[in-house]
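Student: Dumping the structure here so I can ask a few things about it.
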Amino acid sequence: MEFWGLILYLLLTITLLQTLHSILKPTRTKSKLPPGPTPLPVIGNLLKLSNKPHKSMAELAKTHGPIMSLKLGQITAVVISSPALAKEVLQKQDLAFSFRTIPNALQAYDQHKYSALWLPVSDRWRSLRKIMTSNMFSVARLDANQNQRREKVKDLIAYAEKCCQEGVAFDIGRAAFTTSLNMLSNTFFSVDLADLSQDSAKELNDLVVSMAVEAGKPNLVDYFPVLAKIDPQATLFLKKCASTTVLRKARQLHALLLTSVPATLHSPFLKNNVLSMYLRCGSLGDSRHVFDKMPQRNTVSFNVLISAYSRSTRLALESIKLFVQLGNEGLKPNGSTFTSLLQSSSLLEDSILGSTVHTHVIRCGFSGNTSVQTSLLGMYSNCGDLESAEEVFSSIVEKDSMAWNSIICGYMKNDKIAGGLQFYGKMMMCGMSPTQFTYSIVLNACGKLKDHAFGQLVHTRLIVSGAATDLPLRNSLLDMYCRCGNTHTAFDVFSRIENPDLVSWNSMIAGYSERGRGEEAMVMFVQLQQMGFDKPDEYTFAAIIAATGAFPASGYGKPLHAQVSKMGYERNVYVGSTLIYMYFNNGESDCAQNIFSLIAEKDAILWTEMIAGHCRMADGENAIRFFRGMSQQGQKIDSFALSSALSACADLVTLRQGEMIHCKAIKMGYDIEISVCGSLIDMYAKTGKLQAAELIIFEIGFPDLKCWNAILGGYSHHGKADEALKVFEEILKHSLEPDQVTFIFLLSACSHCGFVDEGKFLWNYMRERGLRPLLKHYSCMFTCTLSLHARATLWRQGVVWDEQGASVVAKPSVLGFTKSHTFSSMVDWRR
């Protein structure tokens with residue numbers, strides 16, 4: 001009531017002033033305005049206009065002619081109802097026309113500052129007009145596009161005939177809008193923005209109509225500029241809403257709206273801006289409160305909140321509840337609604353919920369909407385349903401780069417990297433140009449597969465295409481070369497980056513670390529610290545600590561640990577696991593234990609690192625203890641933890657504990673993992689259960705060298721040289737390359753059984769393969785050769801077959817033999 005009282009007071013004041021002005025005015029100059037109806041005081045001719053102004057003006061034109069003047073409040077308007085006269089004015093009087101009054105609604109988001117339709121005469125206006133007359137709408141260009149426009153009209157007619165034949169309702173207005181839109185888009189961009197047979201034009205049509213309706217609604221300020229200061233219809237309020245990012249300021253604006261604008265003028269459009277303002281300030285609670293208090297809501301109101309809820313896993317289900325409420329209120333969802341709902345399903349990884357949303361998409365006629373189809377692709381991919389994702393992908397008629405990227409990403413997320421690369425190949429075969437994002441995900445896939453050749457091909461394709469390379473793409477290139485071990489090319493890519501970010505530095509440090517080049521990694525780390533613009537993060541410290549893990553802890557590891565503690569990363573799981581690895585490598589298990597105790601939220605990787613670390617230090621009891629603790633804490637046990645625990649059981653020769661872990665591996669489905677199988681074979685072989693070890697290796701389709709070496713170790717330990725030699729033949733049949741461990745077990749088996757000729761053959765075979773004998777190899781050959789020649793009393797003839805000289809101290813097994821044969825001195829073995 002106070003607001004309307006203020007308005008009435010202002011109107012009366014204006015009326016009084018105008019009356020006094022008309023009375024006291026001594027002379028009246030002849031008006032240059034065309035004739036029109038006599039205006040009333042203050043309000044002018046506003047009462048002459050109905051809720052359909054165009055019809056009212058047509059009636060007035062019958063009385064006052066094709067050109068007439070109307071007094072609308074304080075604004076004088078000239079109305080031209082004749083098409084011929086309007087054309088003449090626009091062509092000859094366009095300069096005066098450019099200074100016309102701008103509706104207040106268009107000033108809310110500063111459209112009047114950028115649109116050629118509303119700009120006053122200025123340099124910007126002249127530039128835009130020149131561009132339009134010389135390029136966009138030039139006679140030559142319009143003539144050149146004439147056939148294209150005809151084709152669009154033919155498409156419209158064909159679509160109308162198709163609808164008639166199929167008995168489908170034909171929306172003439174929407175079809176005409178789509179055709180007009182495509183004519184303009186082809187003139188500007190040489191591409192169609194909408195399809196007559198899809199719903200994409202419907203959303204755009206609705207949006208344009210609603211914008212026109214809002215812009216066309218006159219404000220009081222349009223008729224009475226003097227009221228602009230008090231902003232009765234919140235035009236300035238909307239402008240402030242769009243730029244506010246501080247919650248306190250947002251609440252102040254909302255309070256101003258509630259106290260200055262009557263509730264009857266609170267349209268859904270106004271309230272939707274308040275919703276968006278609160279969400280922009282990060283206050284979902286305030287936004288929901290405003291939503292719940294809205295007397296009238298539209299689809300946009302629901303979409304604003306549904307979109308906000310769909311970004312949070314914790315609140316994703318709220319978006320589904322809002323969707324149900326939207327239907328209950330008789331509103332229809334649009335493409336944006338379904339895009340957000342599919343995002344919620346994707347976050348929850350709920351394929352059943354996603355399929356339900358998909359059903360509503362089909363029912364509401366949005367299955368052809370490109371953005372909805374892309375969201376369906378992402379949802380099914382994130383839920384691991386690649387079959388459904390492929391079906392959606394196949395249903396897309398015109399696949400754009402976003403659709404291709406979605407299906408490729410889907411395969412990558414589900415560890416189907418080869419499948420993702422196949423879709424990249426299909427994309428290239430279809431003639432679709434990859435985007436920067438496409439190149440990035442494909443290069444990341446090459447890095448994961450360590451496929452250097454394919455990565456180079458992608459790099460070559462990128463160079464040939466001439467596509468721009470932003471920093472994320474260059475980082476992907478850098479990461480790919482580092483993962484493939486080509487640090488030289490990686491450094492070349494790094495050196496070409498003008499302003500490398502922390503990701504670039506981390507990739508180079510990690511690349512050197514994985515190649516065992518700790519010194520180069522440390523040089524990069526020092527350079528990064530000297531740069532000063534980027535502080536190392538947890539990934540930087542994890543990479544550099546891993547790179548220097550093999551160095552003495554006092555020289556590198558502990559100083560780095562001190563920096564980590566200073567920057568507060570000591571309790572970080574990612575950094576903590578590398579510190580634990582470093583200390584175990586240096587034999588300092590107590591320090592590793594201290595770091596483990598500091599970390600509150602321990603993950604599976606941290607537990608596994610403790611198990612593996614104790615196992616490497618031959619501390620099997622502690623390894624088993626940590627494995628038991630990991631199980632009790634409910635951590636997800638993976639193949640690495642199982643493999644390390646089984647290795648500990650093998651070292652401790654604890655068959656029962658090993659069998660229990662074997663049962664756990666079977667229950668969890670890890671008994672088919674090669675790494676677990678190798679540890680199982682080793683455990684059973686060392687505990688004397690050779691039959692169980694043989695059963696496991698026979699069940700493996702393609703055992704790796706670790707598995708064969710494990711069974712060889714068992715045969716060697718139990719003196720089964722014949723079986724060991726048969727395993728050696730199997731290794732060669734499977735095209736595997738024996739390593740030094742293989743030959744240690746083989747030579748040891750031959751030594752136990754006195755197979756001198758076989759031992760010599762294996763020795764020569766090893767040397768031919770370029771494997772340098774270690775101390776253990778010499779020890780085995782000493783034992784084997786001495787055993788044979790002791791029985792034949794031919795000591796010296798048994799040691800002359802070696803081609804390279806070596807001074808070797810005999811092992812206790814050799815000394816035991818020599819003492820019984822009065823060889824009390826060290827053996828000097830030379831050529």
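Yeah, the Cβs are placed from backbone N, Cα and C, and that goes for glycine too.
Quick paste from TrEMBL:
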- 298-333: repeat 'PPR' (REPEAT)
- 400-434: repeat 'PPR' (REPEAT)
- 501-535: repeat 'PPR' (REPEAT)
- 603-637: repeat 'PPR' (REPEAT)
- 704-738: repeat 'PPR' (REPEAT)
- 739-773: repeat 'PPR' (REPEAT)
- 1-22: signal peptide (SIGNAL)
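Could you place these features in context, so I can see how deep they sit and what lies close by?
Tutor: Across the repeat 'PPR' (298-333), DSSP classifies residues as 24 helix, 0 strand, 12 coil.
Residues of the repeat 'PPR' (400-434) grouped by DSSP class, helix first, strand second and coil last, total 26 helix, 0 strand, 9 coil.
According to DSSP, the repeat 'PPR' (501-535) comprises 27 helix, 0 strand, 8 coil.
Helix, strand and coil residue tallies for the repeat 'PPR' (603-637), in that order: 26 helix, 0 strand, 9 coil [DSSP].
Counting residues of the repeat 'PPR' (704-738) by DSSP class, helix then strand then coil, yields 26 helix, 0 strand, 9 coil.
Per-class residue totals from DSSP over the repeat 'PPR' (739-773), listed helix then strand then coil: 27 helix, 0 strand, 8 coil.
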Student: How does the model score the repeat 'PPR' (704-738) in terms of mean pLDDT?
Tutor: 83
Student: Do any residues of this chain, six or more beyond the ends of the repeat 'PPR' (400-434), have a C-beta under 8 angstroms from a C-beta of it, and if so which?
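Tutor: Same-chain contacts beyond the ends: 370, 373-374, 377-378, 380-382, 384, 386, 389-390, 393, 441-442, 444-446, 448-449, 454, 461, 465, 467.
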Student: Checking distant contacts: for the repeat 'PPR' (501-535), what same-chain residues at least six beyond its ends satisfy Cβ-Cβ under 8 A?
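Tutor: Sequence-distant neighbours of the repeat 'PPR' (501-535): 471, 474-475, 478-479, 481-483, 485, 487, 490-491, 494, 543-544, 546-551, 556, 567.
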